[in-house]
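Visitor: Residues annotated as active site, proton donor in TrEMBL: LYS220. What TrEMBL records for GLY10, ILE11, GLY12, ASN13, VAL14, GLY15 is NADP(+) binding site. Positions annotated as NADPH binding site by TrEMBL: THR92, LYS116. Under the heading L-homoserine binding site, TrEMBL lists GLU205. The domain 'Aspartate/homoserine dehydrogenase NAD-binding' annotation in TrEMBL covers 10-143. Per TrEMBL, the feature domain 'Homoserine dehydrogenase catalytic' maps to 151-348.
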Amino acid sequence: MKQIHLYIFGIGNVGSTLINQVLQSHSFFKNKHNLDLKIIGLANSKRVLIDPNGMTQKWKEDFSSISIVRESDSFYKVANLYDVTKIAIDATASKELSQHYPELLDHNFNIITANKIANTLSQSFYDVIRTALKNKGLQFEYETNVGAGLPIINAVRDLYNSGEQLFAINGVFSGSLSYIFNRFSEENKPFSEIVIDALKDGYTEPDPREDLSGNDVARKLLVLAREAGLKLEFDDIEIDNLVIPSLRTASLNQFLDQVTLLDEVLQEKKDALASDQVLRHLGELDVVNGVLKVSLKAVPKSSPAGQLKGSDGFFEIYSESYASHPLVIKGAGAGREVTARGLLSDIIKVSKTCKEVLVAG
Ligand SMILES: NC(=O)C1=CN([C@@H]2O[C@H](COP(=O)(O)OP(=O)(O)OC[C@H]3O[C@@H](n4cnc5c(N)ncnc54)[C@H](OP(=O)(O)O)[C@@H]3O)[C@@H](O)[C@H]2O)C=CC1
Ligand SMILES: N[C@@H](CC=O)C(=O)O
């Protein structure tokens, strides 16, 4: 039986769903994959819970009652005591945590992340992580960085690694904005009301301005661009920002208090549509020319993007073999369950392929 120790940062929408999915499938992973997955550590921004025997179904209660104040080395101290494979899972949107990835690798953690920040800081930071991974023989997986649980990154990586020339990747990259604009197009409700529903239902970033500003889609484009071998920076991306200037620097609470200020401008865009059009938030990655664009556009209702429902993401990949008929991937592009399942699938992938540390049992 291969023992795997999991340390989960972030116990919000995605992190808490992941914990429950790991616990529910514990016996299945033992029987099917010969893997004993134990969650040893949990952290939010302030506190940690550590249990070398592994978390149980009452982890939430335990976190409330016996977690302790988080220190920078809280997990390292316990992780160093066990000679088993360690995986750090980042289910936060924290830049500070992303900047600690080199340190996690230094402490021999494999890393799996839903957080897009580490992959979209400077190209030099991106390269530092890849060099450390190579030197340490560790793994870093981040399928949920684009399209939540949809297999976009692996599709692009496999094409690129097989020598295929990639031309372009276009579509609706944001599950959050898909949910918001699909509903805004169909329902007679103020834009802000739908944004709040999306936040409450766990479809948006912790701060929905990350979605509305176009930054979150821009990050996805950059993750894919770098996967396709381009060396670009975040500032190279052309982004349509839907957040009015007066709300861009406000605190999250101030933004939420004043979110109705977005309604007028979005309603004007909706009113200007022809009867056969809807608004869709699009991403365009021109791999050949290295041009990345994020924009809100009017598209025909009958087009593939115009027909999307729910939180569906929609990706068209054009390449040598898929030149005139793109490879299309479509499905739920946001949501706690699909994202947690995507992380879990990365956990199984890393656990199965990492160097084996055998323990009886
Ligand atoms: N929701 C979705 O559909 C998808 C989400 N993702 C990504 O998943 C990540 C998490 O999203 P979601 O679960 O919705 O967010 P939530 O806001 O629900 O949860 C965020 C969690 O991260 C914790 N946290 C923040 N900073 C730190 C830190 N420095 N160290 C440890 N924990 C920290 C928060 O703790 P505290 O409460 O103390 O602040 C909270 O527990 C994001 O990066 C998002 O982009 C990816 C694909 C889809
Ligand atoms: N904001 C994201 C959700 C997770 O990343 C998205 O729109 O897809």
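One is the number of the first residue shown, and numbering goes on along the chain from there.
Here the Cβ of each residue, glycine as well, is placed from N, Cα and C on the backbone.
Are these features on the surface or tucked inside, and what are their neighbours?
Guide: The Cβ of LYS220 (active site, proton donor) lies under 8 Å from the Cβ of LYS116, ASN145, VAL146, GLY147, PHE173, SER174, GLY283, each on the same chain and at least six residues away in sequence.
The Cβ of VAL14 (NADP(+) binding site) lies under 8 Å from the Cβ of ALA91, ALA114, THR144, GLY202, ARG336, THR339, ALA340, LEU343, each of these being in the same chain and 6 or more residues away along the sequence.
Counted within 10 Å of its Cβ, the other Cβ atoms near THR92 (NADPH binding site) come to 24, all protein chains included.
Within 10 Å of the C-beta of GLU205 (L-homoserine binding site) there are 19 other C-beta atoms, taking all protein chains into account.
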Visitor: Taking ligand 2 as the reference, state which of the binding-site residues GLY10, ASN13, LYS116, GLU205 have a Cβ closer than 6 Å to one of its atoms.
Guide: GLU205
Visitor: Going by DSSP, is VAL14 (NADP(+) binding site) part of a helix, a strand, or coil?
Guide: helix
Visitor: When you measure from the Cβ of ASN13 (NADP(+) binding site), how many other Cβ atoms are you left with inside 10 Å?
Guide: 20
Visitor: Could you name the residues, excluding GLY10, ILE11, GLY12, ASN13, VAL14, GLY15, of the same chain that surround the NADP(+) site, i.e. Cβ within 8 Å of the Cβ centre of those residues, in sequence order?
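Guide: Here the non-site neighbours turn out to be SER16, THR17, LEU18, ALA91, THR92.
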Visitor: Give me the count of other Cβ atoms within 10 A of the Cβ belonging to GLY12 (NADP(+) binding site).
Guide: 14
